[in-house]
Amino acid sequence: MATSAAELSGSAPPAEPLKGGDTVYRHRLSTRLWHWINAVAITFMLGSGLMIFNAHPRLYWGAAGANADHPWLEIGATRTSGYLRVGRVKLDTTGLLGRSRGFDGQERTYAFPDWAAAPGVYDLAGGRRWHFAFAWLLVIPGLAFWLFSFANGHFRRDLRLTGSELRPANLWHDVKQHARLRFPTGAAARDYNVLQKLSYVALIFVFLPLMVLTGLAMSPGMDAGWPWLLTLLGGRQSARSLHFIVAMAILGFIVVHLLMVLLAGPINEVRSMITGRYKLPEDQR
Amino acid sequence: MSLDRRGLLLGAGGLLLGGCDRLSQSKPFQGFLDAGEGLTSRVQRLIIPRDALAPEFSAAEMSPVFRTNGNSMPASPAYAQLLAGNFANWSLVVDGLVTRPLALSLEQIRGLPARTQITRHDCVEGWSAIGQWTGVPLALLLKAAGLRSEARYIVFHCADDFGGTPYYESIDLIDAFHPQTILAWGMNGRPLEVGHGAPLRLRVERQLGYKQAKYVMRVEAVDRLSRIGRGKGGYWEDVAGYQWYAGI
């Protein structure tokens with residue numbers, strides 16, 4: 001069973017057959033460092049990003065958009081309730097979005113509540129300062145990780161998706177296994193499974209670069225320097241909308257990622273991301 | 001039960017807030033934020049060519065409504081008097097580190113060569129509006145006044161104030177001499193309205209809205225910003241901590 005899974009994932013069979021309980025070296029130093037720097041950077045980016053969003057909680061498509069224009073998404077409030085409106089759908093979100101309690105217990109009409117936004121009580125200037133400083137912590141280590149991972153073969157060895165992996169039957173099989181919370185064991189657990197690979201590839205090559213590009217496209221200075229960015233993204237307000245959508249996608253990734261760590265054995269998983277060493281799960285049966 | 005949950009939430013919130021507050025007050029963290037801010041503005045200056053133009057738009061792309069923001073009517077009696085006289089007694093002063101200080105009437109300014117541009121205004125809050133601006137290139141006035149070699153920044157003193165604190169802004173010479181940097185007296189084909197900064201406002205198109213000083217009364221060339229206001233180069237920079245370089 002272990003060998004068939006290894007064949008499916010397209011990796012060469014190990015010289016000595018691995019079995020459940022064996023410890024393997026799974027994550028290189030560059031991967032581990034980048035992972036933890038990212039954990040910090042993205043947490044602060046998300047918090048301060050929500051703070052910035054709170055200053056004008058409406059999203060538009062196109063080059064421009066202000067209060068008189070039609071937003072496709074809006075987090076708003078009446079005197080007593082909060083709501084989220086996406087297109088024609090309007091949801092009551094009192095207590096969470098639009099109107100919520102601050103740290104002092106007082107109700108306030110901010111799009112995202114105090115606890116979600118950084119640095120805390122509404123402070124747009126502070127949020128911007130945090131956002132742009134942590135952006136460097138996202139971009140510089142991110143570029144270094146890219147370089148290292150191309151150079152040391154991490155991308156090619158661990159993240160390359162093969163044709164057989166991407167076959168619908170195999171994808172569906174993996175989805176079903178995940179839904180049943182049946183994770184690979186023994187030698188098969190050494191490599192990332194196809195859903196893992198897909199989500200990591202999406203994060204590294206699609207979401208994070210899009211995050212940076214849509215962020216740059218909101219800078220009036222960069223719009224003068226790199227006007228092609230606006231053409232590519234469909235205007236400044238479209239870039240702002242995409243920036244928000246991709247941020248929510250990354251938040252979704254993080255939630256699922258953390259859930260998977262919890263379900264797959266948090267101590268073993270977290271240890272492997274600190275020391276690099278990962279103990280292959282024993283076969284259940 | 002719900003009270004307990006609320007208590008728990010507030011408690012957790014307090015922890016988070018406490019953490020953020022402690023971070024905000026820590027010296028090394030402030031140093032990290034300062035380093036980030038410095039890096040951002042220096043890298044932007046490095047990769048954006050000096051004369052790179054902000055995108056310009058067609059008349060069809062103009063926003064149907066261009067909202068006003070900040071002050072929409074200066075509170076001072078002096079301004080009220082100028083407005084009542086249709087700005088006939090108004091004049092723009094150009095002074096500071098210049099060899100030939102100027103005082104120009106609105107009529108004189110409207111008689112100078114003008115530039116018209118349709119650009120996007122980006123508020124720091126996140127909204128944008130596209131409008132057409134007509135005005136005299138700032139470079140033209142600065143050349144006429146003759147900048148002295150010590151001049152490093154151009155400061156714009158305004159007729160409006162927030163609770164008694166006058167509004168002002170400043171830019172460096174790169175932006176001051178940029179072809180799209182104009183002192184606008186016209187908007188969307190009409191004389192500039194009071195809500196948008198009549199009779200004269202700054203347009204510095206590669207920066208955010210709070211740099212676009214309205215109700216400009218005096219243009220001063222200076223060698224440093226530390227002597228004006230609280231020293232950070234602008235009203236919002238002084239009172240709220242916004243970045244002086246607002247290209248991002």
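Cβ from N, Cα, C; glycine included.
Just so you know, TrEMBL annotations never went through curation; they're auto-generated.
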Point to revise | Of the residue ranges A:1-21, A:85-105, A:148-168, the one that TrEMBL records as region 'Disordered' | key: A:1-21
Check your understanding: By a Cβ-Cβ criterion of under 8 Å, what residues six or more beyond either terminus of the transmembrane segment (A:242-264) are in contact with it?
Key -> 42, 45-46, 49, 53, 59, 73, 181, 183, 199, 202-203, 207-208, 210-211, 214-215, 218, 233, 270, 281
Review point. In this predicted model, what is the average pLDDT of the domain 'Cytochrome b561 bacterial/Ni-hydrogenase' (A:26-276)?
Key: 95
